[in-house]
Structure formats: C-alpha cells, structure tokens
Amino acid sequence: MNFNITALVPELFFLCLVLALMVQSLGNREWKPPVERWLPFGACAAFFVTITGFHLHGTMFWDVYKVDLMSQFFKIVITFGFYVVVLNASRQPTLEEGKRADYYMLLGFSTLGLMMLASSVELITIYLALELASYSMYAVIPLRAKDKGAAEAGIKYIMFGAVATALALYGLSYIMATQHTTYIAELMNKSWSFADQPMAVVGLSLFLGGMFFKLALFPFHFWCPDVYQGASNETAAFVATMPKMGAIVVLCRLAVLLKPGLEITTILAVLGACSMTYGNLAALAQTDIKRLLGFSSVAHAGYIMVGLVSGTPEGLGAAAFYGMAYLVMNLLVFWIVSRVASDGRNLKLTDLNGLYKKAPVLAFSLAAGAFALVGLPPTMGFMGKFFLITSAWDHGYNWLVITLVVNSAIAIYYYLSLFRHAFTEEKTPTQVAPPDNGWFASAGAGMLAAAVLLIGMVPAPLFNFAINAGKTLYGITVTFAGGGH
C-alpha cells in the first residue's frame with residue numbers, strides 16, 4: 001500500500017481538530033473552555049495549513065485516494081467555508097448551551113468527509129466519504145431549540161438522502177457489473193455510449209443522481225427550500241454551501257468520462273437548463289429569504305452544469321471556480337441574514353426594510369452579495385458566469401449558454417428585491433429584535449463583501465489554479481515555477 005503522510009497533512013490536522021471537539025463534547029464541561037473561544041483559531045489554522053499544501057500530490061491507499069490540484073483547490077475552499085461557518089455560528093441564539101460542542105463536532109465530521117470526498121477517485125470510496133459527510137448533517141439540521149419545523153426539515157433531509165443513497169448504490173452495482181472496475185482512471189478508457197453499454201449508462205446516471213441530491217439539481221431539489229427554512233440560519237449557511245462543494249468536485253472527476261454528444265451528457269445539459277429555469281421562476285414567488293435562497297441554489301446548480309458538459313479542462317476549471325464563488329457569495333448573504341435575525345427567527349423580505357439606516361455596513365454588504373448572485377460586474381459572480389459561458393460556447397451546447405444568460409436576467413428581479421428592501425424607507429415593526437450591528441458582525445460582512453469584489457476584479461490567480469486543476473483531471477501535466485506539479 002503506497003502511503004505519503006506529507007500529502008495528508010491537511011486532513012490529519014483537521015482530524016485532530018475534530019477529535020478535540022469530540023473530547024470537548026464528552027464528560028464534565030466545567031473545566032473546559034467554551035468551544036467558541038478556541039475553535040475559530042483552530043478552524044483558521046486548518047485553513048492556512050491547507051493553503052500551504054496546495055502543491056502536494058500523490059496517490060495512496062491502493063490508488064483510491066489522490067491528492068492533486070483539484071483536490072487541494074476544493075480543500076482550501078472547504079476549510080475556508082468551515083472557518084466562516086464557525087465564526088457565523090459563534091453567537092447562535094437557537095442552539096441550546098449543552099449542545100454546542102456536539103454541534104461543532106458534527107459540522108467538523110461532515111467537513112472532514114467533504115475533504116476526503118475531494119481526493120476520492122474510486123466510486124466506493126466516493127460513496128463512503130459522501131456518507132461520512134451526510135450522516136453528521138442528518139443530526140445537525142434538527143438542532144434548533146423550540147422549533148418543530150427543524151425536526152420536519154431533518155426528517156425530509158434524511159428521507160431524501162436515503163433515496164439518493166439507494167440510487168447511488170444501485171447505479172454503482174450496474175457500473176461494476178458492466179465495466180468491471182470502480183476506478184475513475186480506468187473508467188475513462190471505457191465506452192459510455194448507450195448503444196455500446198446501455199446498463200453502464202443507466203448505472204452512471206443513477207450514481208450521478210446521488211451527487212445531484214447534494215447539489216440540489218432539478219429534479220433532486222425538493223428537500224432544499226424546506227430544509228433551508230426549517231434549519232437555523234447558521235446551520236442553513238452550512239447546508240447551503242459546504243455539501244455542494246463535495247458534489248461539484250466529484251462531478252468534475254466524473255465529467256472526464258463524458259464527451260459532448262453522448263446521451264448522458266445531453267441529459268445533464270437538459271437537467272441543467274430545467275434546474276436554472278425552475279429555480280429562478282420558483283424564487284420569484286418567495287417572501288421568506290431562506291426559501292428564496294433555496295430555490296436560488298437550484299438555479300445555481302444548473303449554472304454549474306454548463307461547465308461540466310463542455311468536455312474541456314477549461315469547463316471543469318470554470319465549474320470549480322463558480323463553485324468557490326457560490327460558496328463565498330452565499331456565506332456572505334447568510335452571514336447578514338444571521339446578523340439581522342439576531343433572535344434566530346426566519347427572515348421575510350420586509351424584515352430588511354430600512355436596514356441601511358440601522359446597519360449600513362450590513363446593508364452595503366448585502367448589496368454586494370445580491371449583485372454577485374445576479375452576476376453583475378465587478379463581482380466574482382460575474383466572472384464565474386463569464387468563465388462558464390466562454391468555456392461552453394462552441395462545444396455543442398450554445399443553447400444551454402443562451403439559457404443561462406436568459407435565466408440570469410430573470411434572477412435580477414428577486415435578487416435585487418433584497419437590495420430594494422434593504423434601502424427602502426419603510427420601517428420594520430418595532431417589536432422585532434433589532435439587527436446585530438456590532439463590530440464583529442460588521443467586520444465579518446465587510447471582509448466577505450471585500451472578497452466578493454476583490455476576486456471579481458482580480459480573478460486570474462484563483463481561476464488559473466482552477467484551470468490547472470481541470471487539466472490534471474485530463475492527464476495534462478502542469479508545471480509550476482518551483483518545479484512542482
């Protein structure tokens with residue numbers, strides 16, 4: 001068994017962090033410091049450890065686990081997301097005091113599963129890492145004090161998750177029976193035409209269905225708005241962003257099996273078009289902000305399909321970059337939702353009325369997040385959509401690119417309604433808890449908004465990283481100035 005411990009430093013560091021959280025959750029709590037005091041520093045350290053390991057590479061554990069540029073790109077994104085989620089949840093009003101360490105431990109295990117998912121290059125390993133990431137989420141979603149809707153959301157997530165798992169396993173059995181391997185590197189050399197291998201195509205479609213559940217792609221999206229609405233604001237920030245990174249990296253690895261013109265590629269393109277259209281049209285009718293963001297996620301899942309079906313390294317790089325942009329943009333909006341709803345309630349659009357007077361930094365940061373989700377310059381959302389469009393044009397799916405542009409125009413209405421309410425003169429009811437306008441809330445929102453704008457204006461470093469990651473999946477050697485690859 002080949003083993004390179006250096007290549008596993010980010011995962012090992014994060015495992016130590018999760019084990020510390022496990023110790024914190026056990027036994028007498030009187031002698032232990034509150035988890036909110038030390039965990040943000042640990043999460044920040046994990047983020048920087050992962051950044052320093054971006055150049056690591058190697059294949060280990062009988063070639064089922066591969067550390068490459070694509071895995072490191074997503075591990076950096078995932079650990080950054082965990083850091084922001086921890087900061088966002090540090091003042092969670094709907095979480096009972098005795099369950100805080102358990103809550104963070106479950107989030108940590110889910111994040112560790114996502115990091116493992118980023119490096120999994122064999123279908124059974126992908127399934128196991130996906131389950132590690134999922135089981136923790138099943139327990140986290142209902143943790144919202146005195147809210148029956150949270151229990152309902154948890155049950156829906158478990159039920160839909162069980163169906164998705166069954167689909168993935170059933171598809172995996174078909175792939176093993178027809179292609180006689182579960183290694184993605186070997187599956188690349190197999191035929192995926194329905195005329196040659198009909199059952200293999202059916203199996204791959206079912207396996208992809210399990211990933212589409214995590215991504216909330218139409219028609220695997222039914223859980224999404226209800227779970228966002230039922231979970232606490234801070235938990236919804238995690239569910240809305242982190243599992244999708246795991247789904248995107250797996251889809252990027254599986255996309256190398258597909259060529260433009262194959263039946264399954266066309267199916268993915270049609271699902272992408274349906275997802276972005278349905279998500280945007282359904283979001284138009286929403287007044288609850290988290291339900292609006294839930295249907296928005298369905299639309300963004302469709303956008304990511306544009307890069308995946310292009311059949312080029314640039315397309316996979318564009319999908320990876322847009323996944324990162326999606327995470328940062330949504331964490332920004334959920335940060336503001338959590339601060340405005342300082343008592344933990346679900347926000348309506350009208351609850352944002354007059355926000356620019358009560359919390360100007362939050363209002364302007366919300367504007368940056370809304371503009372980015374629409375895809376307006378100079379935000380990272382604009383650059384992400386631009387890269388998706390340019391990577392897919394002239395590769396047989398121009399109609400899908402046009403659908404993306406039309407849907408982006410539709411999305412302007414409901415995203416800018418966030419902006420319109422925040423900068424309106426109308427007041428919210430006086431009995432509603434005022435927004436958290438402290439330095440911590442403003443600093444977090446301001447830094448995330450600055451990241452959205454800065455990466456939008458200077459996208460080249462991260463986009464080149466994503467493009468090189470896409471090239472490695474196609475076996476193209478990428479050389480850095482320092483000589484590594």
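Cβ coordinates come from backbone N, Cα and C, glycine included.
Copied over from TrEMBL:
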TRANSMEM  6-26  transmembrane segment
TRANSMEM  38-57  transmembrane segment
TRANSMEM  69-89  transmembrane segment
TRANSMEM  101-118  transmembrane segment
DOMAIN    121-410  domain 'NADH:quinone oxidoreductase/Mrp antiporter transmembrane'
TRANSMEM  157-177  transmembrane segment
TRANSMEM  197-224  transmembrane segment
TRANSMEM  236-258  transmembrane segment
TRANSMEM  264-285  transmembrane segment
TRANSMEM  316-338  transmembrane segment
TRANSMEM  359-376  transmembrane segment
TRANSMEM  396-416  transmembrane segment
TRANSMEM  437-458  transmembrane segment
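Only sequence-distant pairs (6 or more apart) were considered; of these, fewer than three Cβ pairs between the transmembrane segment (359-376) and the transmembrane segment (157-177) are under 8 A, so the stretches are not in contact. Listed as Cβ neighbours of the transmembrane segment (157-177) (distance under 8 Å, sequence separation of 6 or more from its ends, same chain) are residues 123-124, 127, 130-131, 134, 137-138, 141, 187, 199-200, 202-214, 220, 222-223, 227, 239. The stretch in 69-89, 264-285, 316-338, 396-416, 437-458 that contributes the largest number of Cβ pairs under 8 Å to the transmembrane segment (101-118) is 69-89.
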